[in-house]
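What follows is one structure encoded as structure tokens, with my remarks underneath.
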Amino acid sequence: MSSTEDLDYPQILFQYNNGFLVSKIMFTACELGVFDLLLESEGPLSSDAIAERLGTSASGMERLLDACVGLKLLGVEMKSEGAFYRNTELSNLYLTKSSPKSQYHNLMYYSKTVYLCWHYLTDAVRDGKNQYERAFGVSSKDLFEALYRSEEEMIKFMYGLNAIWSICGRDVIGAFDLSPFTVIYDLGGCAGGLAQECISLYPNSTVTIYDLPKVVQVAKERFVPAEERRITFHEGDFFKDPIPEADLYILARILHDWADDKCMQLLAKIHKACKPGGGVLLVETLLNEDKTGPLETQLYSMNMLVQAEGKERTPAEYSKLLAAAGFREIQVKKTGKLYDAILGRK
């Protein structure tokens, strides 16, 4: 029997079709505070108790909890009084707000922002451009004015990005030995999650977060402790404003936002500013050279279509951009996680 005959196509399509429903169940349980309540409780709770404490209908909550059990986000224990629910290890670690590795803010950003853009995916494929105007009624002529269209939206994005670096940051910062680079600029460093991973792993280094003035202001107020002297800030637009000299420049989830011409513009500017012997570290999710995956990266590339101006790329495509800007000794390291690292030297 051939491999294609072994496939249960209706079941595969059924799973794909239900992907949206699965996401919404997880988003809703997070938003209502189900996982936080169960973390704080002294033991498993009944659906009626959870519904009463979270202010929801009993019937709706019971169905939500049962769906979470099916998704392995909750465990259930049957007692004489009925079903009692508890968090799984996964939900305690990633879905409760208080966990150091919490993905709550990232999930809420997807629920409230990303999914609204994806509603217009057909239009994005037809038009070849992002969908902020249809989704939110704002112009995307300036991409980050659209992305940060309100302070609330900007803060959601910043919390979400820090959530990603809480589980991926150490892997990409440790992919290469960066200890020789003591003066580091994190371009588009946002809330500072990756900068904090960097100084933790390389205590003799200093990291300057270079970002838009309003991002820097919020990062100082909410994310980076004032007593942390190894992290400093530089306000500006790195496309328009000068880039200071440094040993290493980090571009984490930056180039995937932009088309090749803008990537080349930025990389050439960095190469000019970089100290001899210095380098640039790209942190991106990488496509396979033969276009077979990974699926997560292919989906992210679609997200770049609906939300940005760029795309995800292969290691060869990033290496080509780096070489064209003058960087050499280009190395690629796969981390085995969502994000990988590419280092180029001047």
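Every residue gets a Cβ built from N, Cα and C, even glycine.
For His256 (active site, proton acceptor), applying a Cβ distance below 8 Å and a minimum sequence separation of six or more within one chain yields Glu284, Thr285, Tyr300, Ser301, Met304, Ala308, Gly310, Lys311, Glu312, Arg313. Per TrEMBL, active site, proton acceptor is recorded for His256.
The domain 'O-methyltransferase dimerisation' feature in TrEMBL is assigned to 15-96. For the domain 'O-methyltransferase dimerisation' (15-96), the mean pLDDT of the prediction comes to 96.
The feature domain 'O-methyltransferase C-terminal' is assigned by TrEMBL to 118-328.
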